[in-house]
There are 2 protein chains.
Amino acid sequence: MESMMIYMPIAMALLGLAYMLVKKSWVMKQDAGDGKMKEISDYIYEGALAFLNAEYRLLAVFVLIVSIALTAVSFIVPTTHWLIVIAFIFGAVFSAFAGNIGMKIATKTNVRTTQAARTSLPNALKISFGGGTVMGLGVAGLAVLGLTAFFIIFFHVFMGGVWTNTMDMTIVLETLAGFSLGAESIALFARVGGGIYTKAADVGADLVGKVEAGIPEDDPRNPATIADNVGDNVGDVAGMGADLFGSYVATVLAAMVLGNYVIKDMGGNIGEAFGGIGPILLPMAIAGAGIIISVIGTMLVKIKNNDAKEAQVMGALNLGNWVSIALVAVSCFALVTWMLPETMQMNFFGEGLQDISSMRVFYATLVGLFVGAVISSVTEYYTGLGKSPILKIVQQSSTGAGTNIIAGLATGMISTFPSVLLFAGAIWASYAFAGFYGVALAASAMMATTAMQLAIDAFGPISDNAGGIAEMSEQEPIVRERTDILDSVGNTTAATGKGFAIASAALTSLALFAAYVTFTGIDGINIFKAPVLAMLFVGGMVPVVFSALAMNAVGKAAMQMVNEVRRQFREIPGIMEGTGKPQYDKCVAISTKASLKEMMLPGILTIGFPLVIAFVPMIFGMDSLAIAEMLGGYMAGVTVSGVLWAIFQNNAGGAWDNAKKSFEAGVMINGEMTYKGSDAHKAAVTGDTVGDPFKDTSGPSMNILIKLTCLIGLVIAPILGGHTVETAVTDTMMKHEISKEIKVEMESADADNARAVITASYTEDGKTITEEQVVEGTLEEVKAKITELKNKENN
Amino acid sequence: MESMMIYMPIAMALLGLAYMLVKKSWVMKQDAGDGKMKEISDYIYEGALAFLNAEYRLLAVFVLIVSIALTAVSFIVPTTHWLIVIAFIFGAVFSAFAGNIGMKIATKTNVRTTQAARTSLPNALKISFGGGTVMGLGVAGLAVLGLTAFFIIFFHVFMGGVWTNTMDMTIVLETLAGFSLGAESIALFARVGGGIYTKAADVGADLVGKVEAGIPEDDPRNPATIADNVGDNVGDVAGMGADLFGSYVATVLAAMVLGNYVIKDMGGNIGEAFGGIGPILLPMAIAGAGIIISVIGTMLVKIKNNDAKEAQVMGALNLGNWVSIALVAVSCFALVTWMLPETMQMNFFGEGLQDISSMRVFYATLVGLFVGAVISSVTEYYTGLGKSPILKIVQQSSTGAGTNIIAGLATGMISTFPSVLLFAGAIWASYAFAGFYGVALAASAMMATTAMQLAIDAFGPISDNAGGIAEMSEQEPIVRERTDILDSVGNTTAATGKGFAIASAALTSLALFAAYVTFTGIDGINIFKAPVLAMLFVGGMVPVVFSALAMNAVGKAAMQMVNEVRRQFREIPGIMEGTGKPQYDKCVAISTKASLKEMMLPGILTIGFPLVIAFVPMIFGMDSLAIAEMLGGYMAGVTVSGVLWAIFQNNAGGAWDNAKKSFEAGVMINGEMTYKGSDAHKAAVTGDTVGDPFKDTSGPSMNILIKLTCLIGLVIAPILGGHTVETAVTDTMMKHEISKEIKVEMESADADNARAVITASYTEDGKTITEEQVVEGTLEEVKAKITELKNKENN
């Protein structure tokens, strides 16, 4: 029987999207200001669109190539279905569409925020946060809608909408992995390309404009200033959106895969309730509930006082955030107790089957919510203005750029201590509560508030842009003051948002990693095998090299920008006097082109390495389960090293940034107040230059790297594992044991060349007599023989 | 029968030490120059001695504490013998004594090199390299002597000097691990403390002397200048020596442990040849041969032409190095074919027992020699003057310190790519050739040239010091020119030496890691178990935090030095005019005290984490094999992350250093020759400030961190594993199978509460009849029962 519950997440997603449309039309109705403001806003909008269009063209080519490759694979490998190609394409399109929504609304909201800030701070917050809400709900709504819709379709195609067995469900979920792969591939373009774009424009604008020509930031005479503002949207809005879209989809998918394995551990059937797929539906239901909860949360974000300061704005955001988290906890309790069997059996490595009560799954979700909340505080501690690590960096700036850099690096490095202990504790605890299903549900619960997190996160760059527009259109100081309050809060939420993104990527990768092991059918990943250990090393190296490539890419792209701005200053008459018009579009085009070009190499590294590890040994005839274990070692290496380098780079970058900003209000160094323009400030600016690509390009890219690596592994898994077969065999008769009398050991599970050893034993006169039979042939034949034996035994 | 071969390594070690004494007395007989030179040299000698004495005091306390702890453990845990305490103390004392020899000869050789350089470059090389040779042979000779002597002693104590079984040999080797632990503990003090010492003195001397007071480097008026020169000896000579002493001992030990497992895999007995312990003696024999080969190698290092340049000096060193490597290859071939059975059985995970010919073990040693040679070239490429990565950093210096820093960081990060692929390939290949025994022998072969490597390495700082003495004692320019040639070559060998040290630490750790798994008796380390994965994360984080602590320690210690130098400039009358005498000893005392104090926290981190992971879960009653697997995950995390951060930090630091040095001869930037004092040079100096603690403190400390972590794991292993028991059981009757008819499955191997399932089966009328018997009781009882059954079956 099919449960109506399967349609609940879709309904929630549609509700969320409907609310998004309402909010969007409300934002669009707001006053977009006068001529100059509108003009600048339009430039930013068009620049952002230009990037999106260029990205889409590249995207189309990429999707085409991968689709052809996947189609070929699906015809060669019997365990891969061609529908994965459709899922992949839609995953890419949905992700791109979500990015489109977010970028468009952000570039329309910025000028409206500036206009509102002319009269009212509460209104400016309402509008900028409204834009963020549209973005957040667009991403979360489309993610849940797409994933759930494809799940229902595949559930009907492969299983007729009715529970059959875990093998069929495995095929459903393997095909669904295509959707996640599509989404994460787009995230690669959006996050890495966006990161290069924003920093190339930023550095290019600053180096020639501020340093060489001596004109202020956001000055309309600077040809790169529009590209700079576009970059904020491309990197911080679209990049973050694609990142979390990918995490959201991948987390829920991984939790579904592990839910299927809970059913398998329970004998392949858990009864009629929820169509017999309660553990698989649960993560989708939590995601669906999360959308509605986020809507409620966003409604709570408002202030009344026109003279409010940062603390009140932050307080309003915190209220919405904490209420969301609390509501997710409540809904997790309700859904877990409602949808899961009261007691489940789960297989723990080395400990065998254990009885797990559904309450323990709920505790696992609490672990996830706890990590999501605490990682933000940890990030805030290491990067927040006025905190002790920042004050130390400020002090170290007095002895020059060298000591400033050392202090910043050390801060980023030390910050891995509490973060990693937090993650390690979370893995341990959620696993202890409910196995890897618990780990995946911890991630799902954390990700349930994605819409809210994105709203809080996107509000920052929108306010930043609003301030830029206020500056460029020469508004009264009070306008900039108001947008600065929003911007300052936005800087904090940007840092904590990065912490959330890392935590989500880490937990998502772990869940994918666990799903991978179950997909391939390997017993585990034993790093005492030298090839696995070697791949652990290689995996650990990839994030380091990826980061270096991303940093170098920023350098190269920025150099092109510098040359173009210099050319315009030289060749366009009257540009410095404000009579000649700078060619903004040329700079936008350079940033667009360079960012998309420069992200190729890191992209190839990300996608290429797992493919090489999987297919080169295959050509040399290596055993596919051994390859699966090696690839698993690689994935673990990328995840562990990637998480470390993500935390290190993001927090070092954030710390340098705020150490530099500390000088704006003045800092006390060796008993003297020190301000902007001092030598110490110059040292801090140098630190910030190093930190910029750390925190905005290479650091955030780590998230995509680790998730995409694990997803590629998951998609390759069916090719490596003879799992489909083994699942078929074990599913109907429990692993390796049909009944107490018959044991089945699958020795090989190739489609064409399977082999099983069947041992039947019985006791006679106190002695155990064993009959052994070896069955060889095609997989179908072996399966038939086992079923025959089983029936014979039961009768 | 005992083989005479067991005494061969001792003989070689004694020969090497004898040659060292001859060389030492030759060096000491050389002219030590006139009054001023002698005076400065004496200051450095006394400063170095002051550090050594302070270190020894701290050391004595540390050794006492650990000895008490080990004694307690040996009385509580039945599988740990109290002789481990004796081995530990001697390991510490031998390592300290080797450091003492090295530091004393280095501080005596420097002034003699200066004196020789007044007349002859060939003589200056001969003396400085002679000093290095004394150091190298002292370290290698004492390492082999100590390890071999204790092996013979324990072999007699536990086995009566006659092969009995692999279990008894395991106890011999476990006790011998104490020697290695002692050596590596001293290395922690020497390497980390030395690293902090040298940079604190360097930065302190530069900041106040060069920057504030405007006096040149190595100016005798600077109170910190002696501390600075002492630092070169403390860090580069004693630190590197202790590091390689530890690696040498640990590598040979690990190879011996794995040799014992080869014997086990072959059924516990391989015949009479070499007393039946050929695979265990082989690594010691290779180490012994390596000492004599190194003596030959050092004899080849000489030049004839007084007008020789860097290329000729480098050529002479290369000749000695390459001949040594080639001779080690030849001796490996001879020893392997002579000492090992022509065909061995080795157990490969997942593939069962395989026949391995002794030639494959030889191929594994070639892999090690290849890695040792190639890693130096890789390091040289990323850090060498005139190489493309350095030229890029130089170019990036033109746009300021920020871009210089980014370029340096990126270079260090990218350099992990070829290095890690090289290591991963080496692990794979040597394992494919001969299992983990192959990996350990690859490391042993690489380490066989340790004496030669150290001679090449120590010659650098000796020449550096000689140049400093020439400057301080105001010699004619030609003297400084000659020492500069040696110093310049020394800089290159210092960088490649660091590459060798990392490679040795990496391979040593892997060998220890493999030995750990065999000691604990666990099946492997499965990172699909969540607690193991969590520990992999924690392990990955530790090197990052350790590095940050080391960098901060340099900052703190340097600040104290700055304050002291400022105080002396302020309070000592006539100090700037050269009439007042600076209190060098105060600065030396500060560096000494601060370095020993500041290394406490990283030291506690290194030693504390594995102890917490092992013993806290034990208190909560966790299964000891599960803990062993977790600790293994932690060790793997530390090793992978530690190797990455070692390569990254060493190469980034080396690259910045040489980018800065490039300006001395002038560099072409944007078509203009740019020299010292330019803005670009200032940016490069900032980069070097960051690079200094990277390459001389935190980077090299990684080696100790990973080795000591794995060694602590190895020493804890007997406490965690019920291995001794399982070894006893399996040793005499092959793993899980006494004969074809009887299988033994040890379900628990506690000393007091063992349990084994014994299954006897035979065929009758085409049916297999199985009798199962469960044996429970104390371990002794279970063992007796199994032996009884076995005898019954065989008769």
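Cβ coordinates are placed from backbone N, Cα and C, and glycine is handled just like the others.
Your range for transmembrane segment, going by TrEMBL and the list A:167-193, A:275-301, is A:275-301. A contact between the transmembrane segment (A:6-22) and the transmembrane segment (A:275-301) is present, since 3 or more of their C-beta pairs, 6 or more residues apart, lie under 8 Å. Here the Cβ of A:Ala494 (site 'Determinant of potassium dependence') has 24 other Cβ atoms within 10 Å, regardless of which shown protein chain they belong to. Within the same chain, residues 170, 174, 240, 243-244, 247, 250-251, 253-255, 257-258, 261, 368, 371-372, 375-376, 419, 423, 426-427, 436, 439-440, 442-443, 446-447, 450, 453, 457, 525, 632, 635-636, 639, 642-643, 646-647, 650, 700, 702-704, 706-707, 709-711, 713-714, 717-718, 721, 723 sit at least 6 positions outside the transmembrane segment (A:500-519) and bring their C-beta atoms closer than 8 Å to a C-beta of that stretch. For the transmembrane segment (A:58-76), same-chain residues at least 6 beyond its ends with a Cβ under 8 Å from one of its own Cβ atoms are 82, 84-85, 88-89, 92, 96, 178, 182, 185-186, 189, 596, 719.
Non-local neighbours of the transmembrane segment (A:321-340) in the same chain are 5, 273-274, 278-279, 281-282, 285-286, 289-290, 293-294, 296-297, 300, 358-359, 361-362, 365-366, 369, 372-373, 445, 448-449, 452-453, 456; each lies 6+ residues outside the stretch with a CB under 8 Å from one of its CB atoms. Here the transmembrane segment (A:405-429) does not lie next to the transmembrane segment (A:531-551) in space: the count of CB pairs under 8 Å, restricted to residues six or more apart, is fewer than 3.
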